[in-house]
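> Take a look at what TrEMBL says about it:
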- Glu81, Glu183, Asn186, Arg188: chlorophyll a binding site (BINDING)
- Arg86: chlorophyll b binding site (BINDING)
Amino acid sequence: MAFVNVGFARVHASRGVSRASSACACRRSLRMQGPSGPAMPSMPFLQRPKNLDGSLPGGDGCFDPLGFTNVFPVPWLLEGEIKNGRVAMLAVLGVIAQEFGTLDFYHASTNLQLSRELHDQFVKNGALQQILLFTSMWEIVVGIPALAESVQGNREPGWYGFDPMKLGGERGSEQWKRMCAGELRNGRLAMIAFGGFFHAQLLTKQPIIQQLLHFKPLGTS
């Protein structure tokens, strides 16, 4: 009986050693599959992009899983993100504001038909072409030279000297950095929010505030 007990003990011990060795091998394999360089803080299983060090406004977290910063200049990408964020913040405000009132020349009802009617009025009257022409000319005269200066390092991306209320404080100060980070984060949130607004209106056939006040599950009239 003692011999049998000793045999079982040896078998269990050998199994324990094999399990421990297999666990170590798994850990080694996981380590080998990880990034070869510094890890991306937001996604530790990916390598941090070489052109991102966490110094951008908003604490970029070195988030660039597709590697755009390895191909395009970082100031160029940051300029585009700031512009898109500013447009998205205005778009979110416009989507909500038109539920409470519209211009006198526009008499559409507060539902999704207004987008079609407004589009027809803009196209037929030539207002849309004028807006596109003005924004294109502005981008050519002001945007492209400013972008070139940003890429060359002579200008901070997104800065056009417009701060009439002096909310940013002195350039380079802690308040300045905090306001730049706030604008960038709000712009990112607005881009996501506008995408949510668009799809919510498309599915529910209701404006945003009306969805909150009179919620109806999808598929109900």
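For all residues, glycine too, the Cβ spot is worked out from N, Cα and C.
TrEMBL does not curate its annotations; it predicts them automatically.
The model shown is predicted, which means the values in this text are computed figures rather than measured ones.
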> So if I draw a 10 Å sphere around the Cβ of Arg188 (chlorophyll a binding site), how many other Cβ atoms end up inside it?
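Cβ-Cβ neighbours of Arg188 (chlorophyll a binding site) within 10 Å number 15.
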> Within its own chain, what residues at least 6 apart in sequence put their Cβ under 8 Å from the Cβ of Glu183 (chlorophyll a binding site), listed in sequence order?
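In sequence order, Pro57, Ile82, Gly85, Arg86, Gly158 meet the Cβ cut-off.
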> Counting only residues 6+ away in sequence within the same chain, which have a CB under 8 Å from the CB of Asn186 (chlorophyll a binding site)?
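Spatial neighbours, sequence-distant, of Asn186 (chlorophyll a binding site): Gly85, Met89.
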> Going by a 10 angstroms cut-off between Cβ atoms, which of the binding-site residues Glu81, Arg86 has the sparsest surroundings?
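With the binding-site residues Glu81, Arg86, fewest surrounding Cβ atoms within 10 Å: Arg86.
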> Could you measure the widest C-alpha to C-alpha distance across Glu81, Glu183, Asn186, Arg188, the residues recorded as binding chlorophyll a, and give it to a whole number of angstrom?
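About 11 Å separates the two most distant Cα atoms.
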